[in-house]
Amino acid sequence: TMLFPFSARKANTSADFVGLRSGFNFINCRRNAELLSKGYEPPKAIKTGTSIVGIIYKDGVILGADTRATEGPIVSDKNCSKIHHLQDHIYCCGAGTAADTEMITLTTSAELDLHRLNTERRVPVVCASMMLRRTLFRYQGHIGAALVMGGVDTTGPQLYCIYPCGSNDKIPYAAMGSGTLAAMSVLEHGWKPDLDLEQGKQLVREAISAGVFNDLGSGSNIDLCVITAKGAVYLRTDTIASEKGERLGKYGIKPNSTMVTSISVLSLQVTDERIYAVDDQQPGTSGVQLDSQQADEELPEGSQTKSP
């Protein structure tokens, strides 16, 4: 069965279908063109304010995320949880709209529970990826959830980068959110296939810290989740990335008063003094500056000028 029935009509008769033998497949291109011709609009780019990271290390998968939630320019929550539970061996980091990431992970977790009960076996990681991608593609990118999902099953550790439009990447390390560029630069520099547990955790901490200090939408603490074949360990508030400064001085100012810290008196020395006469007969003029000799001649008797 095919995921997209509307492309199946032309799939068998098209000359491009031989691409399956040559290594290239253009079914998605024809599917996208047919969707556009039917009036579907392509998904728009959405800015997400967060930093989420996932890597594959020697024994499993390590996921990391910051804990800042924003409402535009306002920090609404400083310690929110962005690592969501899907199964005991599958966890997911969410970036984008907080309600969308929370609800899609909750519904997918319930679907995976039903799948586990029906099949009576441990759910593969690729099954969780397929369920998330089907749901996101069904809504054409209107669900603002960018996900980094990782887990360990019988085939080994796996890491998926799932986009809001329904596409995905299966890669050894991933970063999403507004702190992607800073986090990815750290991952590309420090990731190696044979990282041990402590090296992997430190690399994830550095990647999330780079996103925190270079992006206004990321901040506060760092959460980690280590997934191995034995299970998962969720390290809530593993590291405090940006600590709040402490007040150094003690201020005990009474209400309606101002504290005086110091008083200084400056001695003034008069070096020059000038006298200005105002002519009342010419309205609109502010006054004429006179020299000392002219002032002595024009001033009435009894007036004297001072000299320094």
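In case you wondered, yes, glycine gets a Cβ from its N, Cα and C as well.
What TrEMBL says about a protein is an automatic prediction, not a curated fact.
Keep in mind it's a predicted model, so treat the numbers as computed, not measured.
The active site, nucleophile annotation in TrEMBL covers Thr50. All chains included, 30 other C-beta atoms sit within 10 angstroms of the C-beta of Thr50 (active site, nucleophile).
Annotated domain 'Proteasome beta subunit C-terminal' per TrEMBL: 241-275, in sequence order.
Taken from TrEMBL, the feature region 'Disordered' covers 279-308.
According to TrEMBL, the compositional bias 'Polar residues' annotation covers 282-293.
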Helix, strand and coil totals (DSSP H, G, I; E, B; other) for the domain 'Proteasome beta subunit C-terminal' (241-275): 0 helix, 0 strand, 35 coil
